[in-house]
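What TrEMBL records for 8-13, Asp33, Arg38, 86-90, 127-128, Glu161, 272-275, Arg342 is NAD(+) binding site. TrEMBL lists Cys272 with the feature active site, nucleophile. The feature domain 'UDP-glucose/GDP-mannose dehydrogenase C-terminal' is assigned by TrEMBL to 328-452.
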Amino acid sequence: MVKICCIGAGYVGGPTMAVIALKCPNVQVAVVDISVPRITAWNSDQLPIYEPGLDDVVKQCRGKNLFFSTDVEKHVCEADIVFVSVNTPTKTRGLGAGKAADLTYWESAARMIADVSKSDKIVVEKSTVPVKTAEAIEKILTHNSKGINFQILSNPEFLAEGTAIEDLFKPDRVLIGGRETPGGQKAIEALKSIYAQWVPEENIITTNLWSAELSKLAANAFLAQRISSVNAMSALCEATGANVSQVAYAVGKDTRIGPKFLNASVGFGGSCFQKDILNLVYICECNGLPEVAEYWKQVIKINDYQKSRFVNRVVASMFNTVSNKKIAILGFAFKKDTGDTRETPAIDVCKGLLGDKACVSIYDPQVTEDQIQRDLTLNKFDWDHPLHLQPLSPTGVKQVAVVWNAYEATKDAHAVCILTEWDEFKTLDYQKIYDNMQKPAFVFDGRNVVDTEKLREIGFIVYSIGKPLDAWLKDMPAVA
């Protein structure tokens, strides 16, 4: 029986290994992590992450051929294939601070693998890593190998949160990069044979190591670029009276462009887009390509601009001050169907409003109060370090209340900001919300989920990203 061990029980490691266990009953899968609370949660009825369909997959396999453990060294020692899915945060100090990936956790994982291994192993990069990481890891393993043969593969994940299980069941492509040597090719075939148990062979792409590593960064940069492009257009639409939804629909009908990732919003979030682009920028700079680096920097600049533009619009519309006004925030996760808040635009929007002394009342169906308070007090990039290495959450932000339904959040509020496109926000009783709000009552829709005309008929002053402006808003221009 082939034995697989995955170091790191997070958003990538947990779901990926659960699906491998389900689809390959002849493979024994162990997911290991040094975090006791996280492993305890994986072994309980309340999994540590929310992902549609994940619960069902885990319950079918757990205890049969899927195991969650804190005994990292034992399972690494026994494994034939070791996936490494640890954090690769952006460096906050030293060389490349604010752009380069911090490989501290990767390096310590590699050294531990070398220390405990008694047999040949295939080591698979699953985390998003900068190009040439495999080469560095290879050096650590070979210089500490004690005669054991290690093959390094790059197998980047292309999961979208909220649809991760579906993405794993029916992937667009599985990408495996390895050395162009007999040993490297043999390792590629070994990993390919795992995925081939449920993925059509034509969807499994094999490349050299550097191509696989760069493909992941490039894919995320291209997707983020599409969002920034449509968001840049949304600002122009507001200025001219065009409707960004109509523009995006017309553009998306061009088969060369396609309709996906053309929804204007308050900005992109998630654990990868910004981090991977910063990484790409750093690699370009290190390779003497400042013009290329500058090009990709603009994608992040537009994203930051979109968030500050949204905050400015809120403040400007409400007589240029939100001081001591209650602002309801509907949605804190970076997108619907996930509880993940990493780099969510809601953090910057809330911080912007709090900076103007607003009182913020937040409701999200999947995000805990502890997580929200932590996100609003952590420094940039600290979120990507393991929990036990993050600064302890301070007492929290006094002007923030976290509540457990939308009606409580909006009661007595001056304004509602919709920051996540949860389906339930489309079907709320907005008449009831309006009746219980301060007047004039504002809705700032950062996800274009509400029917603006219906809300205006109720009496709301509505701002919807990239849509023709409410007459009220035209009189109160936001200066970005």
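Any Cβ shown, glycine's included, is placed from N, Cα and C.
Unlike curated entries, TrEMBL annotations are predicted automatically.
In the domain 'UDP-glucose/GDP-mannose dehydrogenase C-terminal' (328-452), helix, strand and coil residues by DSSP number 42 helix, 19 strand, 64 coil. Rounded to the nearest whole angstrom, the C-alpha distance between Asp33 (NAD(+) binding site) and the residue listed as 'active site, nucleophile' is 21.
If you measure from the Cα atom of Tyr11 (NAD(+) binding site) to that of the residue listed as 'active site, nucleophile', you get 12 Å. Each residue contributes its Cα atom, and for Asn87 (NAD(+) binding site) and the residue listed as 'active site, nucleophile' these two points are 11 Å apart. Counting only the Cα atoms, the space from Glu161 (NAD(+) binding site) to Cys272 (active site, nucleophile) is about 11 angstrom. Sequence-distant neighbours of Gly8 (NAD(+) binding site) (same chain, 6+ apart, CB under 8 A from its CB) are Val31, Asp33, Phe83, Val84, Ser85, Val86, Asn87, Lys126, Ser127.
For the pair Thr90 (NAD(+) binding site) and the residue listed as 'active site, nucleophile', the Cα-Cα distance reads 11 Å.
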